[in-house]
């Protein structure tokens, strides 16, 4: 063995083994009006069937249906790597005759996950915190309109500072290639005009692989992704492909010339899953946490009457109360006690070190 070799080069292997053993968690939200192929696309993306037991309401029932939040989980294993996927669905979004404030349950749900994580993170037992925060939201846009509708804009404005948004055009096989490009540009212009932040692809380092740089640029340019989903396998010539057959031909789900399905799956799974989680924690969650601390620091914010007033305000205007007052004071006392014990322990260690040093100096003199 080389005498100059210490062994730090093996550190990535340690991290790899630890990550593989622990597995990965990822929470994905899908939102958008009914009939845009959300369920089919999710099943196509992850090669699973998350909607076996779903009952689809008829058209008359949809007009009175209110938005609900459904959470489904599945463990996917591939090549020894386990991913615990949690899918958050929003059936009923935009289906009611009156869609006023229909996005508020989604906003509350996202903030509740932040609040729960904050509680767990502030507790004494922080070893096994379950991360239920929403890491990404696929927002489906209709291919039949002329861009974003007022409801789309209102929803995206309400959540764009709370979750990574990936806009997708559902059922893109309804459009010609030229129509797809026009609609994409229209949506990009509207997002910029309305100052709506969507997920920003990180800039590649100069030493990144050239193939990865090329893929990253291609994914950036394809936003919003025009997608088609299908669980059906059809034959195109002699090849079995997943796609949809029409009288005029076959749309192949995994053909990059037909739609952006491959780019979307590559981004979500192969290249940017970890970055989506890091942005959620470092930027979106920290922003929520800062707003909570600011709301507690305001004069009178800890007064019960004031807290009651704040809780009645729209979830889009102010963060949810972080903790009940009694719980907050208890947590502060526990933290103070923990800090006091740590300070005492540190002082004892310093005293012991000084005593040992003094004894060592005395023995040297002798």
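Cβ atoms here come from the backbone N, Cα and C positions, even for glycine.
Screening 206, 311 against Swiss-Prot annotations picks out 206 (annotated as phosphoserine).
Segment annotation: Swiss-Prot labels region 'G1 motif' over residues 32-39 (candidates 32-39, 40-47, 48-55). As stated in Swiss-Prot, the feature region 'G3 motif' covers range 89-92 out of the listed 81-84, 85-88, 89-92, 93-96. Between the C-alpha atoms of residue 206 (phosphoserine) and residue 247 (phosphoserine), the distance comes to 48 Å. Helix, strand and coil counts from DSSP across the region 'G4 motif' (170-173) read 2 helix, 0 strand, 2 coil.
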